Amino acid sequence: MASLRKPLLGRELPSAALGKGGNATPLSSAVSLLATALGTGVLTLPYVASQSGPGQFLAVLAVMAYATDVSLILLIEVSRATGLSSLGAITGLLFGSVGSSSFQLMISSVLFLALTAMQRVVLDLLPMFLEELGDLPRASLSPFAVSLVVNVFVCIACLSKSFHRLRFASGAALACLLPFMASLARKALAAALDPATAAPRPTSESASLRGFCLAPPLLASAFGCHFGLLDISAELQPQHRDSIYAVIHWISLVLLPAAYVVVPLAGVSLFGADTAENILQEFQGDRAMELARGVLSLTNALRMPLIVMPLQVLLGDMLKTWSPAGGSKHKAGLLLVEAAGVPLLLISSLVAARQMHTLARVLGVLGGTCGVLSCYCLPGMLYLALSRQGYPSSARFRWKAIAVIILGASVMISACLS
């Protein structure tokens, strides 16, 4: 579910500014959108493929890729019809105050679960990396204790109001994932060509209905790149304004599906039915994978302030909106959010990550609840609301909007069954 950007929660650009654009090119926009989507969710996909069966997994992948493409296009169409570049402002315009409050609650849930997923990655990978780095016995370091130390430094980093230096973390995570995927594919190919390599236990022994139901919510989480889209579109140079459609098609229909085919199939070919829920927990003693574990855990820690600070602001805004102003409880709540919001959010997300045990479970909850609501159902609902508010809309896109809403509901049902 992989990063959420401040403009989603911040000020709205005037309509005139939308036409001026920025300095971004189609290539830089594609890289930004890819970095937004391609996160640690890819680490869970080999496990999903082993539990659902590769054929069934690929079928669900194709459906989710097309639904992602449609929902992203719907967001662009809604933004251009309304002249607004903020998803929160669009929701408030089309659905009123109730819609704005619901949007705030939904985005708060997405941010908290995204923070929980980052905590889970640190719990899973950083102790392993430190043990390998210090040549310590396995399980000699407490994951919770290591993560507590990391969270202390994250809390200190949140005292700063500027996070421009930390924004490289998303790019660093992407730069680390690409060599990891290439290395995984190379290992799978080498194992397939080596007749001496023992075949893993076949996935037919692990595939089940529960595994099949796990695929849609995890893929919904892995494809989630919707929150940064309107900012990326607004930053395009004026002459490239319409190239956002090609960028969306390339990312959602080509690059992301390619990554989400290579990694799961390579993982399944290496480990079969015994594939771990986080593929990077395999490969003991492999130097390249040790480096990947270290870099991914550290970049996830560096990205935490980019999630927890907007979440703190959102909670403060929700408290101002929902509680009566001037009361003692209102003032006490605001003081608590401002003074202790960051450490409370970090500790609660760390405890939640520990209780959920695996990254697949965290991302399954994210993709099967608020993630699919905000990334698939919401774009469809916004587009259907255009015609009711008197904005021009296309019948073809209205049918597509209905389809992605139905798909989103199906993903939530699938998450419940899994």
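Numbers here mean position along the shown chain, with the first residue as 1.
In case you wondered, yes, glycine gets a Cβ from its N, Cα and C as well.
Residues or ranges marked as domain 'Amino acid transporter transmembrane' by TrEMBL: 23-414. Summarising the annotation, TrEMBL assigns transmembrane segment to 30-49, 55-75, 87-119, 139-159, 171-189, 244-271, 291-311, 332-353, 359-385, 397-415.
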Does the transmembrane segment (291-311) come near the transmembrane segment (55-75), with 3+ Cβ pairs under 8 Å (pairs 6 or more apart)?
no
Residues of the same chain, at least six outside the transmembrane segment (244-271), with any C-beta under 8 angstroms of its C-beta?
26, 29-30, 33-34, 37-38, 42, 45-50, 54, 57-58, 61-62, 65-66, 68-69, 72-73, 76, 181, 184-185, 187-188, 191-192, 200, 203, 219, 222-223, 225, 229, 232-233, 236, 279, 282
Positions on the same chain near the transmembrane segment (55-75), where near means CB under 8 A and six or more residues out:
45, 48-49, 87, 207, 212, 215-216, 219-220, 223, 225-226, 229-230, 245, 248-249, 252-253, 256-257, 260-261, 264, 375-376, 379-380, 382-383, 397, 400-401, 403-404, 407
